Amino acid sequence: MDTVPDILKVSILGRESIHCGFHLIPYIARTVLTTLPASVYVLVTDTNVAQFYLSAFEKAFSAEINKLSSAKPRFLSRIILPGETTKSREGKADIEDFLLLERCTRDTVILALGGGVIGDLVGFVAATFMRGVRFVQIPTTLLAMVDSSVGGKTAIDTPAGKNLIGAFWQPEYIFIDAAFLESLPEREFSNGMAEVVKTAAIWDETEFTSLETNAQLIYNAIRTPSTGYAGRHISTRSTSQSLLLSVIRGSIYVKSHIVTIDERETGLRNLVNFGHTIGHAIEAVLTPHMLHGECVSIGMIFEAEVARAMGVLKQVAVGRLVRCLRAYGLPVSLADQRVSRCPGARGLGVDRLLDIMRVDKKNSGPQKKVVILSRIGATYEQKATAVDDALIAKVLSEAVTVKVDLSTTLGTQHVKMATPGSKSISNRALVLAALAQGTCKLKNLLHSDDTQVMMAALQELKGASFAWEDGGETLVVTGGAGALQVPTAGTEIYLGNAGTAARFLTTVCSLVSPSAATNAGTATVITGNARMKQRPIGPLVDALRANGSEITYNESEGCLPLSIAPKGLQGGVIRLAASVSSQYVSSILLCAPYAREAVTLELVGGAVISQPYIDMTIAMMRTFGVIVTRDPGTDIYRIPQGTYMNPAQYAIESDASSATYPLAIAAITGTTCTLENIGSASLQGDARFAVDVLARMGCEVVQTANETTVTGPKRGELKAIGEVDMEPMTDAFLTACALAAVAQGGEGNTTRIIGIANQRVKECNRIKAMIDQLAKFGVQTKELDDGLEVYGRPFNTLTRGASVHCYDDHRVAMAFSVLGTIVPDTIIEEKRCVEKTWPNWWDDLENKIGLKVGGIELPRAESSTAATSGTPSRAASASVILIGMRGSGKTHVGTLASAALSRRFIDADAYFEAKHNIGVREFVRVNGWPAFRTAETESLKEIIQEAGTGHVISMGGGIVETPQARDVLKNYAKTGPVVHVLRDIEEIVSYLGDETARPAYGEPITEVFKRREPWFVECANYDFSNHITVDGGEATNAEISRFFKHIIGQPNLAENVAAGKRSYFVALTYPDVMPALRHMSDLTTGVDAVELRVDLLRAPDALGAIPSQAYVTAQVAALRRATSLPIIFTVRTISQGGAFPDNSEKDAFELLGLALRLGVEYIDVEISASERLITELAARKGFSQIIASWHDWSGKMKWTEDVVRSKYALASRLGDIVKIVGKADTLQDNFALHDFVAKANLQRGAKPIIAINMGVEGQMSRILNATLSPVTHPLLPSKAAPGQLSFAQIQKALNLLGQLPARRYFLFGNPIAHSMSPTLHNAGFEVLGLPHTYELLETANVGEELKATLAAPDFGGASVTIPFKLDVIPLLDKLSPAAEAIGAVNTIIPVIEGGNRILCGDNTDWLGIRESIRSCAPSIGAPAAALVIGAGGTARAAIFALQSLGAQCIYLFNRTASKAQALVEAFPDAPIKLIETLDVWPAEGPSPTVIVSTVPASATTIDSTNPGAVLLPLALFDATTNGVVVDMAYKPAVTPLLMLAKSAAPKWARVMGVEVLLEQGYIQFETWTGRRCPKHVVSKSVLEKYFAAA
Ligand SMILES: NC(=O)c1ccc[n+]([C@@H]2O[C@H](COP(=O)([O-])OP(=O)(O)OC[C@H]3O[C@@H](n4cnc5c(N)ncnc54)[C@H](O)[C@@H]3O)[C@@H](O)[C@H]2O)c1
């Protein structure tokens, strides 16, 4: 085999030491051994790189060493953990210790094989080991290739910051083997591309152009494995590979050139910091969640915008930069979901970023320095430029304000400008100029994705060549006169999601003639992104095929990708269905002159859509020399044969909708504005705005064919114009509204805009948007069926400082900026939404129109911290949509869910009725089912549009019947939760009862169920099992709350999974969990989660080893009813110690996917599974967490070995929690494990790790493991693994090991001898195996004894009762808000704050009351009225509890009115009403549904002859409703009040004082120990003792 590769060399600091190529490993070994003689070669790499390349290096070196006849040097390798945390002092010491241990001497050569981390770390080791040894860089990431390996900078990080300690140390060689990039994760590749793009942007426009057009080709080089060492020699190098290498080399060349001139970074070298000033600040906030290159990418765009705002850089350049970075998968703004999902994203405030930028090496004094681009490929200065903070702040702000100075008159100002080119005209002009003969200078071309891909495609087809002039303002097109070629073999034309380009190019590609198919390509393939592959192209392809073109669909029928054979266009009669898109018509028209026969184009198939666009195409063809005729009164067009002739220059007309804004500003401010490139000859409807609207409003309008000038009347003198039909220029209506807001005169200052109904379904419901936002200015409006009326007001009476929400709609933002020019302090909230059509609008407003624009920082909204559930991306605020069969309980579930989430509930049927003024059934009867389904789908779209966030929406059962509605739902499910409410069909049938006897849809309900079931599954991304009938409510309520909180981002995760805490789970090892459910309280004692071993589940009658989805769903639902703990969903394979077949990976992942749909909190995924499947699952995990697990059952794995590090690295990458399980043979193995965990935890951002050793010898590891330790329980059928201990056993062991010191808890009070509290807490401690004690401390006062107890180091906490609830307060450091409000303390908790132990006072009495009410009567919710009897300390707790339940009215009864009045004053915000008798409610208000008595039992009576006590009347209870009565009196168990309730209101729930005591005791227990109280055991002990004493 020929291993001498073709090498490209680059020189740096005068030596050709950078060698680039493909598959260089043998070459590297040979070069190093022959030119750098040494006694030992040490290769250092990380676990990720080692798995791919280490053995090849070992082989190559060994082969070369064997060839040596002299003394044979040693070759050693050292593998370390990957990641930035390794770049530390410890990491350096680790390598140095290794070198010393291996007796390496000064002649050692160290090879750094890896990314920038390895390069920086190993370089620094080399710089200082034995005062410096030789080293070689072998970068394996793109970033390392083009950046970190070149230049000789080496460094490590310290806790004080990155790269603070290091040295300049040049490597002997830098070997760039681009084949390494094939194994690099794409995100890392993109990370490096940020540097590549940056270098081209500051230095080399040609290189940049190549990058912007060739993204696809460059990706091909890393996505297609180069087998057989392809690329090692030029002869075997693919086009993609050559391109990749040239891109890398180009970048390195620039960097080495700059380094050579300025090695120690004094001036010029600063240029490579483009994007870094702002990028670094962003990185500081988002690290480690965002990569360096990703942050720099965003930084580059911000810095380019700074340059644009300075007037130095044109928007064209900013646009090119944005598109180029996007093409390499990089984020370009802080709005990118990857950013907003980062935990730290909320910290990206402008001030914070500016503050971070303050410490930048480049700054000169207080002024920040930014590399300012002047165009693509060049910078403004040969160094970074000083920039004011205010300018950076403006660019970084999300919102803007136009600074208005009403004291000045702008009267004489005359603005002349051009607005961005029209998109439709730009696309047509490109095709025409390319197909024409000669050269044409296109001016004012819109730079968009469409035009960009169109140009790339035309170049690919060798149809034309393009060059930029005037810094990108002019595009010079040299046309190919219609001669086109099939692209080079293997090259597909990639169009992204550019719709116009796809349609136009389909016919353009069919023009390629057979003779032009020279390059071995047999057909032209056009393709696009996933969305593009769904967009229709069928009618056009049908027409072309019928005309003889050979076009095949490569994937789905009717969509891209297409293969188009080079046959030329036949011509003659072409028939086209033109009712879907006018772009099909334009596509054929544009190409028709080049057909073999003159074309007659007949439009068939119904009304032709968008005729103006067809007219536009024909008019433009005429300009390029081809005259189309239309047979009068028909849709038949005749196109002669011919060749287009390029005019020398073609100015693309401005976009007419955009043009309305500067003209409106002239109108409203009383100034003059002339727009070039748009006039009366325009074919765009909105071009009539000036004449039809502005002139009528009192402006002077002068319009020539190509120019429009508007002069406004004096400020404040615009006229209201009565009615205006804006049907021909609908997009301009928002601009008109802004003007109408200040227009006067006519009847009631009214401007009535009609003909714009379609604007309800644009980027937002624009009519509603204008109405809502104008209201903020105090402007009144009225909505009409097809428009609105605006009632103008004098401009100086409009509300100042309005903050306009733009609904992410560019037109809303720009329209309100018009109003903002005369209403001071107007804020436009989302300034970036203008990017869709006029990205530099705000800069143009300042630099061209002359109005000052300032940045405004809005308070940052709650950012959604997490990803999604069951979907790739999701905002936590997205509305939840419920679907499911009629009778499945959607309304019930939806109502409870909306209560749990505090959201509004929308019932789609009710919405429909309100909208159509007719019931659903009636609508169907009158209009029939098809009409109903269509209307229902429209309603669905509207609801999503209007209530897309913050709601819970329940849809009708039949919503899935039409494909259209299913599409809407599926589309919604890409970013929002769609929940399928499941209920057993038998239950539904019996629930619907009689109704089902008459088949509602003419078929039995079970048939309907069968048909719809798959559609529900297909449309939903979550499943909720509704079991109301099974448990009657309480568990269902709890589960509804848990499930819906989970899907909106408040998952029920185990709180004890956190640093410094210990958490546990119990594994359920049952084939069927049902029989275990009644033991669930025992089984889960102390633990934080339950593991469902799905691999062990077996339905009683099922065959095979794989449980069905339905069975698993039922098991999960049953488990949810028995416990509120989070579930760990585990499908353990046989080879990892479970029972799931090893060869059924797909089935396993289907079950794991099901777990996501069910809202399971933790999903255990084995890292031995396919990484692709794991990553795909993780992408959909939403708010669930992944436990990435690895089990070594062989017993051979040693915690000190590299293999553990690599498993750990892989698991940390794939999971949120790492689980590694080994086996211990000796106690020592546990120490090794402990050591590994301690080191792993030191890494910044380390994930929680479950690390245990199996076997009896491994028990120690189970005791010491901190995260989710698996525990067993005596009631379980079998231990899930050998060596497992119970929760209580572990606590005892921890205590013995000194890890869980015993604490003393107390009750302070007097008298307390009969208290139940010691029984309560001591029973709890005992069951959990906790070493603590609870004792009584009965003292006469709050004196020394009590103080000493509080100060003792083993004091764990105390309960406080009468008479000390107030007296203890002075001894405490801090009170909780509840204790503060109630004015009493019943719980003392010692906590560590800022390193000091402080004592906190809390009051859990109110919680006890609230929880008793909630658990006894969950349906009570927020009571309309409640009653409190008594006015002492407990009454205060009762009022606080009722307030927190949301009681709308609290009646308060107390014998002594003055005490009651004092309470009213103590709770000024509570809706308290004093009452004097217990049977009349004031002002006929509602009777209470919650009653809490806080007086001793002896103070009440039901015996009317007992004069000493308050007589409780029968009328106290409204027996017709549900209610709950709580008697806080502790003795006797059944008080007069409870007795009365039993007889008078049997439906009411009754709560005894001892039950409240228990509830508040549980809460105390949990606060003190951090563990759930084992309620079942504790309550049993307490109640037994209580009743025994009674
Ligand atoms: N010295 C300099 O001038 C300079 C310049 C820029 C950056 N840096 C430093 O570089 C570091 C970042 O470098 P990086 O982006 O290369 O990160 P990295 O070294 O952490 O590598 C990224 C990831 O890719 C893996 N990996 C590397 N090569 C691979 C391959 N071929 N196949 C599969 N996986 C592979 C690594 O194991 C790692 O997980 C930072 O510490 C930064 O400070 C230094």
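Each residue, glycine too, has its Cβ placed from N, Cα and C.
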Which of H257, H292 shares the Zn(2+) site with E195, H276 per TrEMBL?
H292
Cβ neighbours within 10 Å, counted over all protein chains: which one of the binding-site residues S888, T891 has the most?
S888
For the binding-site residues G884, G887, G889, work out the Cβ neighbour count at 10 Å and name the residue with the minimum.
G887
For a quick check of packing: other C-beta atoms within 10 Å of the C-beta of K890 (ATP binding site), how many?
29
Helix-strand-coil residue split for the domain 'Quinate/shikimate 5-dehydrogenase/glutamyl-tRNA reductase' (1424-1476), DSSP-based:
23 helix, 12 strand, 18 coil
What are the other residues, in sequence order, whose C-beta lies within 8 angstroms of the center of the C-beta atoms of G884, M885, R886, G887, S888, G889, K890, T891 at the ATP site?
G957, V981, R983, I988, N1026
Over the domain 'Enolpyruvate transferase' (417-845), what is the model's mean pLDDT?
90
Comparing the binding-site residues M885, R886, which residue's C-beta has the most other C-beta atoms within 10 angstroms in this structure?
M885
